Amino acid sequence: MSMSFSGGTHNDRWGSDLASAGEFTQSFPSLPATYSPSPSSSSSSGEELLEVTIEFPSGVIINIDSVTGTGTDISGTDLEITSCSDSGSGSRSLSLGWSASSERLTAGTNSKQQIQKISRRGYGYSSRSAPEPVVPHRGEITDSVNLPRALSQRPTRPNRDGSCTERAIHGLKFISSKENGIVDWNDVQNNFAHLSKDGYLFKSDFAHCIGLENENSKEFADELFDALCRRRRIMVDKINLQELYEFWYQITDESFDSRLQIFFNMVKNGDGRITENEIIILSASANNLSRLRERAEEYAALIMEELAPDGLYSQYIELKDLEILLLEKDISHSYSLPFSQTSRALSQNLKDRRWRMSRNLLYSLQDNWKRIWVLTLWFVIMAWLFMWKCYQYKHKDAFHVMGYCLVMAKGAAETLKFNMALILLPVCRNTITYLRSTALSHSVPFDDCINFHKTISVAIISAMLLHATSHLACDFPRILASTDTDYKRYLVKYFGVTRPTYFGLVNTPVGITGIIMVAFMLIAFTLASRRCRRNLTKLPKPFDKLTGYNAFWYSHHLLLTVYVLLVIHGVSLYLEHKWYRKTVWMYLAVPVLLYVGERIFRFFRSRLYTVEICKVVIYPGNVVVLRMSKPTSFDYKSGQYVFVQCPSVSKFEWHPFSITSSPGDDYLSIHIRQRGDWTEGIKKAFSVVCHAPEAGKSGLLRADVPNQRSFPELLIDGPYGAPAQDHWKYDVVLLVGLGIGATPFVSILRDLLNNIIKQQEQAECISGSCSNSNISSDHSFSCLNSEAASRIPQTQRKTLNTKNAYFYWVTREQGSFDWFKEIMNEIADSDRKGVIEMHNYLTSVYEEGDTRSNLLTMIQTLNHAKNGVDIFSGTKVRTHFGRPKWKKVLSKISTKHRNARIGVFYCGVPSLGKELSTLCHEFNQTGITRFDFHKEQF
C-alpha cells in the first residue's frame, strides 16, 4: 500500500498549483492513499487541514477527514471512524476527521490494527506521484529551470481505479477528440510561434492555438482560459510560452480531480462553488440549448434534491458534492425501452471465415440482382441497336467517303432515340405506383426509378456528344474534302449536284435543330446536377438565380422543346428518304403519350380532390404542418407521398411531400420545411392567417384558431409509391430519418400504432368473451388472430406482419422534437408489448461522455425519474446525444433477430445513406441476418 499526504491551508484550495508546505510521502504494504486539502474544512487561523482518500481496486474507498493524535509513526496512527456508507455499487466510503493540534501525531492501537488488517490483503508496495512535466527544448525556451514551481512540485493525486471512476474520468473531457486536431505539445508550440505577438499569446487566439476551431468551441476555450487564469490567481488577457505550457499541461491532465477542478474554475465568479443555476446555464450554453437555459433553476433543483433529499441543502454545490454525485450516480442510466435482452457478441452471429469468403459473390448477387438484370438488359439493347445501325450504314455508299465516323454517329443516334423514349417511363409516377402493387415488383427495382432516370440521362448526353462531334468534326469535313469523282459517285444522290459548303450543311433543318437540341440538353443536364439542383454551387448576384430547385424545374421544361425538335430532326435526314426508316416517332410515340396522359390526369384529378385546411401549425425550424380533410376516394398506404400545389404561391410548381397521417385517420397531414422560395412562400401564406402562440408554449411559434380569415387554396395529387410503403414485407424494420427526413416513417409508426391499439382492444374483447365461456387462453389467442384479421381491411392487414420496428431520428435542433411529440407519446403509452422502439438523437449536444453534456445526462435521468418526461424532447422517449453508432445498432439488431430478413428504410442526406448501405452489405456477407436497404427518392 502506498499512502501520500499533501498538507496546506484552506486558502490554497482554489489557488495555483504551487506546492503546499508540509508535503511528505510514506509507504505501506497495501493500496495507495492520498491526502489532499479539504475544501469542506475551514479554519480562521489558517491551520493546516488534510484529507485522506484510500481506494482499493475492488471499489472500496476510505475518506479520512479528521484524525487526532501525536506521533511520527504513521503506521501507528489512531484512526477514528466517524461514518460509513455503502453506495450499493461495490464502493464504500468512510469519512473521518483530522485536525493537527501539534507537529506530532499520536499513535494508537485501533488505527494500527486497522492499517494492519488492510495490509494483510497483500496488495504489495507502491508509491505514486505525479510526473514532473518537461517542456520540449526549442528556441523560444531559454531556461527550463524558470518554469513555475507548480510544474515541478505538483501534489500527488489519487490514482483512482474501478469501472465507475474510469467512466467519470473518461467523461470529464474538455477537448473533444473529434474537434481537436492537435496531437501533442509540439503542434501547440508551433501554433504559438505563428499566433504570438512580442512573445505573448492573446486570449482571442487561445482557441486556435490549442486546436478548437469552430465558433462554439472558441467560446468554450475563452471560458477555459479565464478558468485557468483564476486557478493561477492571475487576471490577464495574454500569456507567454511557459504559461501556455502550464495551461496545456492542466488541460491534458486526464485525472478526474484535475478536470473536475477545471470545471469548477470555469464558473465566472471563481469562488469554488456553483450556484443552483450556474451549472445548468454553463452546460446549456455549451450545447446551444436555449430552452434548457430558460428552465435552469427547475433542473438545478433536481441536482440539489439529489444531494440533499431531506431538503436541507444550501444554494450552491461544492467540489466534493459534485464529485460524489458524478462518481456514485449512474448517469448513463437509460430509461428507454430495452434495446436487446441479450448480451451476445457479434462474433456469435458470424460464420466461418472461409465460408464467408466463398459466399461474398453470392450475397452481392442476392443484394443487387434486380438492378443487375435490368442494367444488363438495358446495356444489351443499346449495344444491339448500336451494332445494328453501324452494320446498316456500313453498307451505304456514303460510308466510302465518311468512313467509320458515319457509322459511329448513326449508332449513337439510334441509342439516343431509344433512351429519349425510355427516360420518360421512370417519371410516369402513376404507372410506377400501379406496377408496385403487381407481381412485377418482385423482379423490377421500382425504388431506383429516379436513379435509373439519372443513369439514362448520362447515356443520352454521351450519345448526343458522340453523334454531334462525329458529324461536325468528321463527316462534314470529309464531305468537303472528297474528290469530285467520289462525290458524284457516292454523295450526289444525298446532297445534290452542287457540293454544299460547311455553313450550308449546318444551315439546314437537320443542322439547326441538332445544334439547338445540344444547347438545350446541356443546359438542362447542367442545372439538374446535384450541385446546382441543391444550390451547393454559390454564384454571385444576379447569377445566383441560375442554381437551385427553380432553375432545375424550369430548365427541365426546355426538354419539351427538345422532343419537338427531335421529331423534326429525325424526319429531315440526309441519308434516309423512306418514311418507315425514319424511326424517331416510333420510339417516342408510346412513352410520350403515356407521360402526357399522366400530366393531363394530374390536372383533372387535383381538381377532383377537394381538400379543406383544418389545422395549421408552424414549429421551430421553419416547419409548417398542414392538416386537411381527406377526400372520399383518396386511398393510400403508409409511406407514400403526394404532390402539392398552392396557386397563391405558384400556379405551375408541384412539390412532393410524404404523408404523415395514417391510412386509418380521417384526415391528411404533411410536414413542409422551408428550404427554398416556394416553401418560404408557403410559410408566409399560412402565417398570415395564424395567430400568435399561446402563453407557455415556447416551442410552438404559431397555431391556427377559429378566425374569419380563409386559408390559401391547396391542391394535391397522388398518392404515389415510395420505398417505405414496402415495410409490410418485413417482420422487422429499421426506420432511420434525419431531420425532416423522418416524415415518411411517421405514417408507418401511426399505422403500426393503430394496428396495435386495434389488436389490444380486440384482445380484451375476445378475452372477455372467452373467459365467460371457459375457453382456454390458446384458443383465445387464435380467436384474436382470426377475428382481428377479418375486421381489418385487406390493404391494412399486411402491416400486421411487422413484429418489431426500430425508429431512429437524428436531428440538430431541440425544437424539432415538437413536430412529432404527439405520436411519440402515444406510442410510449399504448405500445405495451414494445413492438416499436424509438431512439431520438440530438446532434447539437456534445456526445455522451463529454463534460459539456455530462451534467445534462444526469439532469435528464433525474427529471425522467421524477416526472417521466425527457427534458429535451418533452416526450417519454429518451434523447441521446451526438450521432448513433450505426455499426453497433445493426449489430444489436442482428443479434436479437437471428436468421431474420430486416428492412432498413432511410430518408436523409446521401452520405449517411451510403454508410448504411455499405454496413448492410457487410453484415449480409458476414452474418446470417439479412438487411435489405431502401432509400427514399423524390
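A Cβ is built for glycine as well, from the same backbone N, Cα and C atoms used for every other residue.
Among the features that TrEMBL reports, region 'Disordered' is placed at 29-48 (among others).
Residues or ranges marked as compositional bias 'Low complexity' by TrEMBL: 36-45.
Taken from TrEMBL, the feature region 'Disordered' applies to 103-140 (among others).
Feature annotation from TrEMBL assigns transmembrane segment to 372-391 (among others).
Here TrEMBL flags 510-530 (among others) as transmembrane segment.
Here TrEMBL flags 551-572 (among others) as transmembrane segment.
Only residues 6 or more beyond the boundaries of the transmembrane segment (584-601), in the same chain, are considered here, and those with a CB under 8 A from a CB of the stretch are 417-418, 420-422, 424-425, 427-431, 563, 566-567, 569-571. The transmembrane segment annotation in TrEMBL covers 584-601 (among others).
Residues annotated as domain 'FAD-binding FR-type' in TrEMBL: 606-726. Residues of the domain 'FAD-binding FR-type' (606-726) grouped by DSSP class, helix first, strand second and coil last, total 18 helix, 40 strand, 63 coil.
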Do you know the mean pLDDT across the domain 'FAD-binding FR-type' (606-726)? 81
Six or more residues out from either end of the transmembrane segment (372-391), which same-chain residues have a Cβ under 8 Å from its Cβ atoms? 365, 407-408, 410-415, 418-419, 422, 443-445, 452, 455, 459
